[in-house]
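First comes the structure, then the notes that go with it.
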Amino acid sequence: MEGYLHLNNNQSFLGQWLTPPPKQQIEGEIVFFTGMTGYQEVLTDPSYKDQIIVFTYPLIGNYGINELDFESKKPHVAGVVVYEATNHPSHYQAKYSLKAYLEKWNIPLLGHIDTRAVVKRIRKEGTMPAALSSNELDCKHNWVLPKEGKVTKVTASTNGCYGNGETHIVLVDYGAKKSIIQSFLKRNCRVTTIPFQTAFKEIKNLKPDGIVLSNGPGDPKELTNILPNVKKMLEHYPTLGICLGHQLAVLALGGNTKKLTFGHRGANHPVADLKYGKVFMSSQNHSYVVDEESLLKTGFEKRFVNLHDQSIEGLTHKVLPIQTVQFHPEAHPGPADGEYIFDEFMNMIKVEKRSVIAYA
Ligand SMILES: NC(=O)CC[C@H](N)C(=O)O
């Protein structure tokens, strides 16, 4: 059955529903992911909350969906656009086909769309509201998407406890990916995940050795009310900020963020580490970046740079033990080249512990 992708610039693309057509028109911000694999991780990464995702690789779903690679308990995207999706995945761990999985969660999959043409539009005109619909457009449209509250939708409602290692990591859950927890469990940590509005007093009671500010959906500037809390965390504990967490750390210390035209979403974004003079491939998913000029008064120094557009990919702090990254060191999807950031953070925690003991 025929279905449409309508962009807010009044351009429409005709395709075929590969899942049952949605009962109502689905609206969301349209973004594109360029990786050849990793669709399962993308669909279940809470940072994609309510977005319509276009996969640019022309055949999606070959290895199906398994029980291991979910980044959270359910898919978060509003809709999926592909050129072709297979019905017959081939992988020994495959539990569902892509279509069956999306159908189970009532998420529409629109196929036979010229995804490259769609991406050209988005690259030219920017990320914009869009709709998936069974109907042709009959008038000019301008969808206004609800802005606030995405983090509230995806954060945990209670604390979660994982592992029993030596070092205690408190992970502030703005929509955290499972792989971040696993990266710390691999490094002999105990991880406590906490709802994003947990007061600093309660965080202190948990006696963290280090704090991680997680990834998460939406514009970081929607979260201004929690910045004083974030600032206290940064001033008291070794802190690692990942993606949204990186952006919030900068805002909390008086810096600024801005929106990219079409964001970075893929598994092969080249990043330079200025500390070691080396380049590696990174996994990315973000629309916003830190504004370099705003860093002057924050005490942050640029450490990582995106080699496609020179945007900031990570910072260290001149005085406080803070490391932040815009890319995803936990990978999933994509390469784990940036994983050494977790090892560095573990060292940062050790050094802090030693100096606390020395001064006691
Ligand atoms: N993956 C993330 O944490 C994304 C951060 C933020 N929502 C952005 O789009 O820039």
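Every residue, even glycine, has its Cβ placed from backbone N, Cα and C.
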| remark: Given that TrEMBL records Gly216, Gly218, Leu244, Gln247, Asn285, Tyr288 as binding L-glutamine, the matching residue among Ser47, Ser72 is Ser47
| request: State the Cα to Cα distance, in Å, between Gly218 (L-glutamine binding site) and Cys243 (active site, nucleophile), rounded to an integer. | output: 11
| remark: In the three-state DSSP scheme, Gly218 (L-glutamine binding site) belongs to coil
| query | Hey, what's the Cβ neighbour count for Tyr288 (L-glutamine binding site) at 10 Å? | reply | 19
| request: Other than Ser47, Gly216, Gly218, Leu244, Gln247, Asn285, Tyr288, which residues of the same chain sit close to L-glutamine? List them in sequence order, counting a residue when its Cβ is within 8 Å of the Cβ centroid of the site. | output: Tyr174, Gly175, Asn215, Pro217, Asp219, Pro220, Cys243, His286, Ser287
| task | Would you mind giving the whole-number mean pLDDT across the domain 'Carbamoyl-phosphate synthase small subunit N-terminal' (1-133)? | result | 97
| query | Cβ under 6 Å from ligand 1: which of the recorded positions Leu244, His328, Glu330 qualify? | reply | Leu244
| note | Secondary structure of the domain 'Carbamoyl-phosphate synthase small subunit N-terminal' (1-133) by DSSP, residue by residue, totals 27 helix, 43 strand, 63 coil
